[in-house]
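A short worksheet on the structure shown next.
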Protein chains: 4
Amino acid sequence: MSFNSFGRIFTFTTWGESHGPALGVTVDGCPPGVALDESLIQPFLDRRRPGQSRMTTQRQEPDQVRILSGVFQGRTTGTPIQLMIENTDQRSRDYGDIAQAFRPGHADIAYHLKYGIRDYRGGGRSSARETAARVAAGAVARAVLAELAPGLSILGYMVQMGELTLDRSRFDAAEIERNDFFLPDAAAVAEWAEYLSRIRKEQDSIGAAVEVLIRGCPPGLGAPVYAKLDTDLAAAMMSINAVKGVEVGEGMAAAALRGTDNADEIRMGVEGPQFLSNHAGGILGGISTGQDIVVRFAVKPTSSILTPRRTIDAAGREIDLVTKGRHDPCVGIRAVPVAEAMAACVILDQLLLDRAQTGGRRGVIGPGSGGEPV
Amino acid sequence: MSFNSFGRIFTFTTWGESHGPALGVTVDGCPPGVALDESLIQPFLDRRRPGQSRMTTQRQEPDQVRILSGVFQGRTTGTPIQLMIENTDQRSRDYGDIAQAFRPGHADIAYHLKYGIRDYRGGGRSSARETAARVAAGAVARAVLAELAPGLSILGYMVQMGELTLDRSRFDAAEIERNDFFLPDAAAVAEWAEYLSRIRKEQDSIGAAVEVLIRGCPPGLGAPVYAKLDTDLAAAMMSINAVKGVEVGEGMAAAALRGTDNADEIRMGVEGPQFLSNHAGGILGGISTGQDIVVRFAVKPTSSILTPRRTIDAAGREIDLVTKGRHDPCVGIRAVPVAEAMAACVILDQLLLDRAQTGGRRGVIGPGSGGEPV
Amino acid sequence: MSFNSFGRIFTFTTWGESHGPALGVTVDGCPPGVALDESLIQPFLDRRRPGQSRMTTQRQEPDQVRILSGVFQGRTTGTPIQLMIENTDQRSRDYGDIAQAFRPGHADIAYHLKYGIRDYRGGGRSSARETAARVAAGAVARAVLAELAPGLSILGYMVQMGELTLDRSRFDAAEIERNDFFLPDAAAVAEWAEYLSRIRKEQDSIGAAVEVLIRGCPPGLGAPVYAKLDTDLAAAMMSINAVKGVEVGEGMAAAALRGTDNADEIRMGVEGPQFLSNHAGGILGGISTGQDIVVRFAVKPTSSILTPRRTIDAAGREIDLVTKGRHDPCVGIRAVPVAEAMAACVILDQLLLDRAQTGGRRGVIGPGSGGEPV
Amino acid sequence: MSFNSFGRIFTFTTWGESHGPALGVTVDGCPPGVALDESLIQPFLDRRRPGQSRMTTQRQEPDQVRILSGVFQGRTTGTPIQLMIENTDQRSRDYGDIAQAFRPGHADIAYHLKYGIRDYRGGGRSSARETAARVAAGAVARAVLAELAPGLSILGYMVQMGELTLDRSRFDAAEIERNDFFLPDAAAVAEWAEYLSRIRKEQDSIGAAVEVLIRGCPPGLGAPVYAKLDTDLAAAMMSINAVKGVEVGEGMAAAALRGTDNADEIRMGVEGPQFLSNHAGGILGGISTGQDIVVRFAVKPTSSILTPRRTIDAAGREIDLVTKGRHDPCVGIRAVPVAEAMAACVILDQLLLDRAQTGGRRGVIGPGSGGEPV
């Protein structure tokens, strides 16, 4: 698999830099005959798009996506789908200061050491603008999932920003799209907005935690032991810029649990097995069980800040660096649609992978069953 | 990549079930000319081996490894290395009860749904015995790293078990090998032992958290954006049985941090850049910086416990299940050598991958440098 | 994909050297629930086995295969299948002469240059003994194909040995298994045997050409443009030891054809499209059409011969080399079951790949059809 | 690896249809710091470009390539390189006749059966226009090879067109670029031109054979046994549109050779081993030896011809079909630069792969050597 590709059957390969002429993604392995046009992709890009509120970077990018291949008369043909987004609002002159300097906590120095050359403008390849391409790929995955797994939904939302955490007792999915934080709690929005404004005024940035909830996922997805569903989800989330931790179900808190508590007991419901709890987060042995899949991840605070930090330049000189340019005070916010997109791609890829190996047949649970697939 | 393979250049493919005649691993892509024989692999297997203390399962497996290919006159030949471990202490009759029943929190039901058939004896393929093969592959990786990255060390240890957490102010690496918990704090061992004994007597099990510290890793390892070093490490750890969360550096705690705190400031030392802190855990933009790499993960409590839990069987009948057989009360303990092995494989694979793309050349930092590789 | 693996979904990884303790293959991605035991694999190994007639090497290897994993109660479980064959008749002392010398036309010098070390005994990894592992993997593929594509048959046979070529007007498939040459013409067997005896007595060896005929292959297999079915078949055959050319359908003769002749015209039959000729060899645009698939390849003469040839040794000294040991005078003969096995693996892999992307749905040809899949 | 990707380390993924807005290729894994701009790619596209002589299709495509990513200040950055070519001279109305009809010998019916939908305009994805993207990728590979293997040259030329074959005694590499046939024999050009004109006037097309000669290839490239250099070359050539056979060295003729003749004897030259012949075509055991690498392949005649052929349409009706549109009477001609490009990509990929595993160290031949790498 190439360095900039993700997936096994449903694969995507992203390309492009923050301040180059364009960026995009090639989606390969898409099933044929699926209804697709730009109008099914653009809304997802609009959700991730910068410059929409005071909460994100003020860079103004329309992020208009164009389908250049793989779709004919409104349906996918099974050939590679090229999705291109032109960059329009580069202000590369803002970046002269960091051409030869390394922002603390940023990929600058790592790219310099590895490659000896880097497109420093706007972070180049390490910029979160790359995630626009992921969102486009995710929109294609969703269009396919709508046909192959009609009951499935993927919902991302913020659960933490710095000192603030979501009050889960007030969770309301309908609110997520109604505020600038993808926050499922209308009552908390004002407090979050005020908190982030203060951070920004203090020329600082702040970390965040995001959760993705996948409902209606068919059981049987995930291929043990090195293509487990949770392994793929962990890789998918950790590959997003600035992510430092990933959890499934109980996550890190599992370290404190006892086996008697952690066991998700099972009952027999009308439509099949029913779990009485979901410590597992919907995945056992790397395979989906049909329960809700719950993934969480933490995003570190933006490293590009206006407060001066001590660092060095390529010549080895010690300097104090202030990062100009337009940056999100909390990159975690715009990570929400990105995480949803990655989840959609992982689920679809595993669904196709499972279809390859098992034909999608499922083991039977019920009277007289020895467990044979139908 | 096949379902049971890991890695891109230095790859390994594991095979075998808990109660089959043998299990093993094929290591492919190993550099030629590296000194290797069984004596370099066996000690790592001995560390993971069950039945060594009251803290782990009482199954007695010598876990004797045999090299069947890929080594000639004590050196690797560059051809695939087959490492086989015969199973000797299967007591498959213990498992009659779960032949058609699903342990809550266990892979049983997921395998059943996906494949319609499973080797239920000892958990079959989902058993942690598979990790013996990983440890063998990791030993090969270490032998290669000893030549290609001589200053590198990989150290795993427990940082949490249920309510108990490591007091980091008392960290002493030398103690790790001297107790049954891979615990870097001699003074705490008695308390941990007593705690685990109590858990076991209560017919329960307990979760844990493990940390892996990689020192002396060369900068420049990791290929953005979908073969990032932290992405690979996250996938590696999440693929280990019972792992529910993975963290790099600050991990989930990054969600609470401010940018001014999180920035690892840089100074110029005699031998190159010096970081004044390590919130990043040694990885920026998916690429190693030369700092210590710090990875942590949580292991859920063993789901096979003697306390009865409510569940169903393949016929859909509701039952109360007690898991007999011999099980670790805390699987997190034996995950320590497994995690080290996975880390070794990831680092070597990325080192070879980097050697492919850049030839191992590094960008220069210093007077008169524009950053060009030498 | 690792160096010693083949396939994308149905993958196999071979390991082992000619004179090591054992060799084998790990088959991964096999569908679950397929009937499999040693008795379904052994007959294919017996066909390839050396020492059965004067026409092949006199090395006596029982080539007994053991299933070590992935099969439970006589059915595949969807987990990796390990097949091991122990070496029993190594006479490594025969190879002292070539420990530091390079047989002309042999892989000796290439392995030496690449790896700097090689297991010279019996050719080590470059020995055709590796193909026993392929035959075992192919037997698994056939067992799966018997369920997923019941009408499919794969038939290999010799079409040329040195100056002798098959008289296609006398083709009789039933004869193939009745002679030592896999020759579909009973009347020619005596002449072929006499010819090969003469070659051997002259301390020489001879080239050959083999054809594989795949009947009943479903249409739609092959993923343009870099996983085309003919691309995979070409890679599969070229990877067999000593193969120097691969042809599909008309093969190299296509260079002399006109478009009017080469066009395989189509009529509408009762059961679907009928082609009036098969210049294409069953594949168009990299995708199977449902016609017979015809693949041919040439095998060079064995390079290990008793006639002295001029060469050098590792010290750079010029020497005259005679290769002792036991060698096939015509390696092409035993390539027949190997080619069948590779073809089976390619077809199954593509069938699973197609099942992943299209779900196995086929475009419709018939009244009122716009070509939509059902 | 995705369906439309080629390579392991140096990978490329092509996208685009014949009559879509654009086509292109993403090159991933390219070493950083290599000088690259459009002027290094365009000449190769110009060689393949249609409409340049009466010998090829009259479609007029400037095939202007644009670099959209991965290059900064004239050097590669190690990030993915996107190369885009806009389509400008589509005349899609020419293709109304084949919208629902299947050209005999063409991919039409196979795409229809597999995908149930196809972009029929100009052959859509199955069009040879896709090879423009390969040529662009090959130009990048050449730019890298110029730095990593400076003595290496890759030369393609025609050796056969229908009844005409190259007189090898008159081979003159300097002539290849001076005629419309990539023919290394100036004296034969007039005859070839006359022959092809006659074919075209007869509303027919003709097959061809092309040879690629790689000089100065370092020894040690190729990873046995499933990533052999000849395996990769065979896959590369067979993946080119209309190719039906591939040969290395003696190719299919090896079937007629004796071992005494086929052995390429070795002498010790001043600069290392010298082979006295090259039946092997520069590859032994799947690994390059340092000799000239010789690959040949046959291209079938264009299936789109003006002479009516019997076929069917999607509704299953039997029809007589004449293919309008603008087509090459001999697609083999423009396959020459495509084959060179594929060869360049294969060699570079294997060079990087070898650099990963062995670090590029070579086994020693010479006095006192036991063959150890330095």
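Cβ coordinates come from backbone N, Cα and C, glycine included.
What you see is a predicted model, and the numbers here were worked out from it, not measured in a lab.
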One of A:R91, A:R215, A:R326 listed by TrEMBL as binding FMN at the site of A:R125, A:S126, A:S127, A:N241, A:A242, A:G285, A:K300, A:P301, A:T302, A:S303, A:S304: A:R326
Cβ-based proximity (under 8 Å) of the binding-site residues A:R125, A:S127, A:A242, A:K300, A:T302, A:S304 to chain D, or none: A:R125
Secondary structure at A:T302 (FMN binding site), reduced by DSSP to three states: coil
Subset of binding-site residues A:R48, A:S127, A:K300 within reach of chain B (CB-CB under 8 A): A:K300
Residue among binding-site residues A:R48, A:R125, A:K300 with least C-beta crowding, 10 angstrom cut-off: A:R48
Site extent for FMN, whole Å (max Cα pair distance, A:R125, A:S126, A:S127, A:N241, A:A242, A:G285, A:K300, A:P301, A:T302, A:S303, A:S304, A:R326): 44
Alpha-carbon distance [A:R48 (NADP(+) binding site); A:T302 (FMN binding site)] in Å: 16
Under 8 Å by Cβ from A:S127 (FMN binding site), same chain, sequence gap 6 or more: A:E17, A:S18, A:N241
Other C-beta atoms that fall within 10 angstroms of the C-beta of A:T302 (FMN binding site): 28
A:R48 (NADP(+) binding site): secondary structure state under DSSP, collapsed to three categories: helix
Alpha-carbon distance [A:R48 (NADP(+) binding site); A:S304 (FMN binding site)] in Å: 19
Site of maximum Cβ density within 10 Å, from binding-site residues A:A242, A:S304: A:S304
Rounded inter-Cα distance in Å - A:R48 (NADP(+) binding site), A:R125 (FMN binding site): 18
